[in-house]
Amino acid sequence: MSKSGDNQPVDRYLRRQILGEGTYGVVYKATDTKTGKTVAVKKIRLGNQKEGVNFTALREIKLLKELNHPHIVELIDAFPHDGSLHLVFEYMQTDLEAVIRDRNIFLSPGDIKSYMLMTLKGLAYCHKKWVLHRDMKPNNLLIGENGLLKLADFGLARLFGSPNRRFTHQVFATWYRAPELLFGSRQYGAGVDVWAAGCIFAELLLRRPFLPGSTEIDQLGKIFQAFGTPVPSQWSDMIYLPDYMEFSYTPAPPLRTIFPMASDDALDLLAKMFIYDPRQRITIQQALDHRYFSSSPSPTEPGKLQIPASKGDALEPKASEQNQHGNSPAVLSPPGKMRRVMGPEGFT
């Protein structure tokens, strides 16, 4: 830290405009006066430790300092100032949610393949480093002017690997939460990120949220409606999970009826990402090796991908119209879009 009277780290960043606000702080666009580059500064209010903010922010800083990959957002700087913690990131122009919702953008099969390839490469690196992201969703996948997609928001990320380590199951936005989490599992691994990535894949294909449940019970119902109710022969351990409950049996419809325009290879990969038993679910590295990524068409080069002129343009209405999931209201972002912040007590 600089001595009193010297220039403070915050003076290096010239604030330009607010990009977003949440419960625990604000993100604003700024100019790094030292380099001339545009950056994004996340300003987090430092509440008391019972609120969990300090721990969450410090975990994010620690993990991001150890993660260095083309498809993971770069943490440039971090410093306390005036009762807040400032995290300085490379500036990214938009996110995948904005791309999916922008009806002025046509997503070709090659475009979808490119976005999934970049997403899985970033996740594969995390898992290689024994890091679970635990908050995968389209608006946490940021996109720069060069079309490169990068994983962001590691506030819920945790190290994994110990077979006896217990975590909270209250992670991920509900729409992207794996069934083992919805059944209350406290011991889980990389399969939870795989399931969420599958939901993102489906969302790219459909151009709308795939499983937009309103509650955890409704979320399970939507999953079972799409993939059939699991039976013990598919997932023997589910009946032992803390919050397991029995649902009436629903047979699985053919995936082709849900994704009529998807290729056979895309459907095969989706099916493997949505396997109920997390021990049998495809890994991220296996997904990257899947024939979907080597078959025609080739992934679009990132620099040729279309991105919105600015986030918020040409978006669909959020609530007034009906979506394609029966009579449910059209909602385009998960309830509680700001990430959940866990306190220091209990599971992590």
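Cβ atoms are placed via backbone N, Cα and C, with glycine included.
If you check Swiss-Prot, you get these features:
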ACT_SITE  Asp135  active site, proton acceptor
BINDING   Leu19, Gly20, Glu21, Gly22, Thr23, Tyr24, Gly25, Val26, Val27, Lys42  ATP binding site
DOMAIN    13-293  domain 'Protein kinase'
MOD_RES   Tyr24  phosphotyrosine
MOD_RES   Ser162  phosphoserine
MOD_RES   Thr168  phosphothreonine
REGION    293-348  region 'Disordered'
(message) Whole-number answer please: how many Å between the C-alpha atoms of Gly25 (ATP binding site) and the residue listed as 'active site, proton acceptor'?
(response) 18
(message) Under DSSP, is Tyr24 (phosphotyrosine) part of a helix or a strand, or is it coil?
(response) coil
(message) Across the domain 'Protein kinase' (13-293), what does the mean pLDDT come to, as a whole number?
(response) 92
(request) According to DSSP, folded down to helix, strand and coil, what is Asp135 (active site, proton acceptor)? (result) coil
(request) Could you tell me which of these recorded positions, Glu21, Asp135, has the greatest number of Cβ atoms within 10 Å of its own Cβ? (result) Asp135
(request) Measuring CB to CB from Val27 (ATP binding site), give everything in the same chain under 8 Å that is also at least six residues away in sequence. (result) Ile18, Leu19, Gly20, Glu21, Ala40, Val41, Lys42, Lys43
(request) Could you state the whole-number distance in Å separating the C-alpha atoms of Tyr24 (phosphotyrosine) and the residue listed as 'active site, proton acceptor'? (result) 17
